[in-house]
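Worksheet: one structure, shown below.
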Amino acid sequence: MSERQSAGATNGKDKTSGDNDGQKKVQEEFDIDMDAPETERAAVAIQSQFRKFQKKKAGSQS
């Protein structure tokens, strides 16, 4: 789980993000083995959380 925290994700409060507006953003390429068991487990977990979110969102709008 520590890999997730150190992945460089920000919460929108980063003051230096505006400094790079003039620079071209380079997209990182990831080589992810889509057949790996841990990748499948991660995908299922993400989908499950997304479905819960959608269900909660739909329930609050009614």
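In case you wondered, yes, glycine gets a Cβ from its N, Cα and C as well.
Features as listed in Swiss-Prot:
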| type | residues | note |
| --- | --- | --- |
| REGION | 1-39 | region 'Disordered' |
| MOD_RES | S2 | blocked amino end (Ser) |
| COMPBIAS | 12-28 | compositional bias 'Basic and acidic residues' |
| REGION | 28-40 | region 'Acidic' |
| DOMAIN | 39-62 | domain 'IQ' |
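This prediction places the mean pLDDT of the domain 'IQ' (39-62) at 93.
Assigned with DSSP, the residues of the domain 'IQ' (39-62) fall into helix, strand and coil as follows: 23 helix, 0 strand, 1 coil.
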